[in-house]
Amino acid sequence: MAKRDYYEILEISKSASADEIKKAYRKMAIKFHPDKNPDDKSAEEKFKEAAEAYEVLSDGNKKARYDQYGHAGMSGNGGFGGGGFGGGMNMDDIFSQFGDIFGGGGGFGGGQTRTQQVRGSNLRVRIKLSLEDIVNGTQKTIKVKRLKVVPGATSKTCTTCNGTGAQIKLMNTMFGQMQTQTTCSTCQGVGKIADKIPEGANNQGLRKEDEEVTISIPAGARDGIQLNVRGKGNDAPFGGIPGDLLVVVEEQADENIKREGDNLHQELYISFAEAALGTSKEINTVGGKVKIKIDAGTQSGKILRLAGKGLPSLESYGKGDMYVHINVWTPQKLTDSQEDFFKKQVENGEMLAEPSGKEKTFFDKVRDFFN
Ligand SMILES: [Zn+2]
């Protein structure tokens, strides 16, 4: 089924401000809230759809990616963003958004208390990847310091909130009187407090420990993209769900290969003699070494295009190209016999510059670039 446009879902324009996005979502969330539409599957779908739209549009990075690539940019090549979008939001995720939207723990005037499962906090790490890793995908094992439950930690029900994790207040709001929940100040919303704490654990029975986490990086990742490793953030105290490890991909600059969108560029130096006689050279591409042929009489500044040797495109199934910029190296020191040889060429009027007119001059190249 085709996914609807996020802006359309929230009934806002693409230029909507953060505040307008928030207001639009609040409106939709109230309209389609399951408490108000019991047993209405289509309302529930709309409720989830709006939450997903808000999740993306309220996040600067995700919004920018969505604006540029649409839904394709959200789900990537199938490997990205367990981050909750792409239809993967569950009701817990949605209600956890509400703290931001409604200022409380997510309660509506429906009267029932929704016990939220406590989640550990997310951890965020950056991972540096070579161009090759980014293109081909890879697995990396990194060391993460995360809060882990210390064996032997036990808990008892929080008496302040009777285990609900929330304190309920009646509030007058712009929607009329609403019952709102705030996080219990005694247990911070966990619903439980420590009973027995083993040595070395904090008052929630947790301790920071090193853990090795293996991360699969899908082919075609990009600088700044965030991968989600579920459950490898901090453990939640007393039996909640652990948070996620958010891995931000950082592209390591390559000395020889430069990127320009999906295309790659590299400089290749050949000797004067090689340019005159023709040669073949092995060059590095992200898919491994490739042998290229350089014709006899190749001019400095010639650009060879290796089709499909660039990066996989995020927008289509195609691939970019690799451009090899040929530089002819003029010898800076000559042996006596070389010097004699070249002097003779000049005296005899040999080896002159004789452009046939087919060569593109610097000015042609500049003009091509701007056209
Ligand atoms: Zn409590």
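Glycine too: its Cβ is placed from the backbone N, Cα and C atoms.
TrEMBL annotations:
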- Cys158, Cys161, Cys184, Cys187: Zn(2+) binding site (BINDING)
- 5-70: domain 'J' (DOMAIN)
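Known features from TrEMBL, placed on the structure.
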| residue | record | Cβ within 10 Å |
| --- | --- | --- |
| Cys158 | Zn(2+) binding site | 20 |
| Cys161 | Zn(2+) binding site | 23 |
| Cys184 | Zn(2+) binding site | 21 |
| Cys187 | Zn(2+) binding site | 25 |
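Predicted-model confidence for the domain 'J' (5-70) is 86, expressed as mean pLDDT.
The domain 'J' (5-70): residue composition by secondary structure is 46 helix, 0 strand, 20 coil, according to DSSP.
DSSP assigns Cys184 (Zn(2+) binding site) to coil in the three-state reduction, outside any helix or strand.
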